[in-house]
Amino acid sequence: MKRIRDLWVRTNLIKKIGIGVVIGLLLGILLPDVTAIGILGQLFVGALKAIAPLLVFALVVQAISHQRSGQQTNITLIIVLYLLGTFLAALVAVIANYLFPLTLTLNTPVNTELSPPQGIVQVFQTLLLKLVDNPINALATANYIGVLAWALIFGLALKSVPSDFKHLIKTAADVTSQIVVWIINVAPIGIMGLVFSTVSENGISILSDYALLILVLVGTMLFVALVVNPLLAFALTHQNPYPLVFRCLKDSGLTAFFTRSSAANIPVNLQLCEDLGLSQATYLVSIPLGAMINMGGAAITINVLTLAAVNTFGIQIDFLTALLLSVVAAISACGASGVTGGSLLLIPVACSLFGISSDLAMQVVGVGFIVGVIQDSCETALNSSTDVLFTAIAENAFWKQKKA
């Protein structure tokens, strides 16, 4: 028994989740009437739902309050590239939804009452009202728009407090993140319950929907990595970007794929920047910063799954509303750094724009965790490799401008 326990502890989370998916699939086929197994999935989603608002608030407050000013000139360009790249990735995901519309099978009645927005004006009205929600109520009701807004305000207000108090804020954020790590560590069991419920209630054919979802997610990320990002690089450097793109994907993206952590991949990226001959003063700032705010892969995940939920509930949206979703997804994605499955936990932020309740949004998050074995690896590979890519092309453009 001890040998089995030690083997389980040594096995990485990706393999554990894969095992959970397989076991849940087999149990759903062989023992579909043992509904108690599905409770494990409900408990897992419930725990995530409980901690997610506090997690978003703590991380954003900590990041804003510790933000440093007076960065170098090309750091500004890198930040612009990070934000622009994240927005473009979100926009590509919206276009992918129009080309390959997806629907999800969720455990909710067909006649579930929703309050879909009536165009861009109502979306803005809803957004503004959620911005000024009571901060305690925003946390209690999972109003993520209000949580983000108040976290930004608190973070700015705390920038001038003594360093000891800032350390306390960081400790609170670290504690919250650790709780999430504990919850994520039982993800294989929770996902087993989710897969069991899905298969036992809907049959084995439901897996074909997940296969299509994975194809759209991974295909969109590949398009951004191999088309959108190279176009940005060419626009700034007027040089063939693909040698640099492939170097970043090989030396940074490959390791990030397996670590599934932009933060864990920072040492790899720093070494790659040194090998590329980039300015140390630049990449020592831009690489850790990119691990926090350069989240194109996360924006893709948020948009693809949110729009799949929108399609599932038959909510009609115009392109301007979808464009606003891209902005919200880009901003929300910046809060996904440093947390396993962070992009999935921010899906309710986007879903709330369309009147989709937190309960239903967390079911979408559950679907995300089922496909997360592949999605999270590809997402991290895109995010982390792009940190080096944008740092390199920004420095190249900066020195070309100085020489001119």
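Using N, Cα and C of the backbone, Cβ positions are placed for all residues, glycine too.
Pulled from Swiss-Prot, these are the features on record:
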TRANSMEM  17-37  transmembrane segment
TRANSMEM  44-64  transmembrane segment
TRANSMEM  75-95  transmembrane segment
TRANSMEM  138-158  transmembrane segment
TRANSMEM  179-199  transmembrane segment
TRANSMEM  212-232  transmembrane segment
TRANSMEM  287-307  transmembrane segment
TRANSMEM  319-339  transmembrane segment
TRANSMEM  354-374  transmembrane segment
Contact check, the transmembrane segment (287-307) vs the transmembrane segment (179-199), 3+ Cβ pairs under 8 Å, seq sep 6+: no
Paired segments the transmembrane segment (44-64) and the transmembrane segment (212-232) in contact, 3+ CB pairs under 8 A: no
Stretch in 138-158, 179-199, 212-232 most in contact with the transmembrane segment (17-37), if contact is a CB pair under 8 A: 179-199
